[in-house]
Amino acid sequence: MTDRKDKVLSIVILGVFVAVTLHSYWGNWPVDLSAVYFAAYFFDAGAYDLVYAPDGQAFWDRAHPEWRELARAQGYDANLLPAYVYPPLWAAVLGPWASAVSFASFANTFLLGFLAAIIGMILMAYKMARQFATTAGTRVIPFAPFCLIGVLLAGYTSFGSISFQLGQPQILVSFLLMLCLYLLSLDKDISAGSVLALAAAIKLMPAMLVVLFVMERRWRALGAFVVAGALLAGLSVIVAGWPMHQALLERIGNLSSQISISRLGIGIETVLYHIGQAANGEVQWLIERPDLVDKPAWLAASNRAILAAGLLAIWWYTHPVLPQIRLWARFTLLFVLVVTTASLSWLHYLMLPAILAMILLGLSPSRWVRLVLLCSMLVTSLPIYLYLLDTSLAGYGEVYLHLALIVAVMLSLLLTVRRHRG
């Protein structure tokens, strides 16, 4: 395929993806994004006690009556209204906009942003794939098939479609994390550290990825993260006030002492809890509705041990790898380790590592590795995944399935990168 045909076909693929996605989700009511809208709306109205759920809850069965009244006024009568679990800074920043437009307009604008973020992630992943292939002396696949795989992963898999259905801000966070890695690969450490700080200011979990800066001895990136993070934290307190941050910290504290039980989860804690239930003769596979249960001490200790052992294993195993390839491998592995050991570990977190895993295709993996990647993509594709929902895999089986696929793909990554030693 010539470069011109490759570029034209790539544009067509991305254009069709944008058109189909807009047709599918334009004007929908993405419930996760609605929490951001309502929190921002009431923050701008000065009703600060309506931003977070009461009594330290991170989720609720019944939202504030004012939230429900506003939802009904905009044509939404369903019971599901998730709580706001983000820093108050973003409720303050988005408040004037939320109070000026309907949720439909708010969500449609975010949908455009999500699409731009995904296209940006695919472009950055391909640029890194070419860069790493040059370093390793291998050949990367043309851009058009790379784009095709990327849009299929982003829009037509279990984790991709749920991201759009829910209107998950994690799509934007994933873009920022990809941008952080891309900037690191270009040795733009100060920008990379600042971008990671911004991602951590939206969702706190990315702050754990600062471990990468330490592993790679990227001290300028670490310094930029600390400075930018401190500035954003100070700005948040100035804009939203300390009491609202106390409310957020209270919710984080509650979450850290609980386990999320959901068929959309991918957490190791959920699996350990299920195994513990089985050991007590109380095992069940069906998950009728999401729930939070108290975390046993043994499970919390086990999860921390897995996290610590995983960090050491990633550092040790990837140490001999070529620096640029090592950077990508460590970033991907660290992200997966952090999200699967987190108290809240959701299916939509997989979009970023799935797109990052496409870089494997430019490093000449073995046929077995390619088979693992293909099978993972097929099993999580919407037609097959929706079929599996009507089988015994529904519920806890979904959690086991996704976690098993994560382990298989990450092992494939490890086997491939060890072939590219420095």
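Cβ from N, Cα, C; glycine included.
In TrEMBL, annotation is done automatically, which means it is predicted and not curated.
The range from 73-93, 136-156, 262-282 that TrEMBL describes as transmembrane segment is residues 136-156. Contact check: the transmembrane segment (97-124) against the transmembrane segment (221-242) gives fewer than three Cβ pairs closer than 8 Å, residues 6 or more apart, which falls short of the contact criterion. In this chain, the transmembrane segment (297-316) does not touch the transmembrane segment (399-417); fewer than three CB pairs sit within less than 8 A of each other, excluding pairs fewer than 6 residues apart. With respect to Cβ pairs under 8 Å, the transmembrane segment (162-184) is most closely packed against 328-361, considering the stretches 7-26, 196-215, 221-242, 328-361, 368-387. Listed by sequence, the residues of this chain that lie at least six past the ends of the transmembrane segment (297-316) yet keep a Cβ under 8 A from its Cβ atoms are 211, 215, 259, 268-269, 272-273, 276, 330, 333-334, 337-338, 341.
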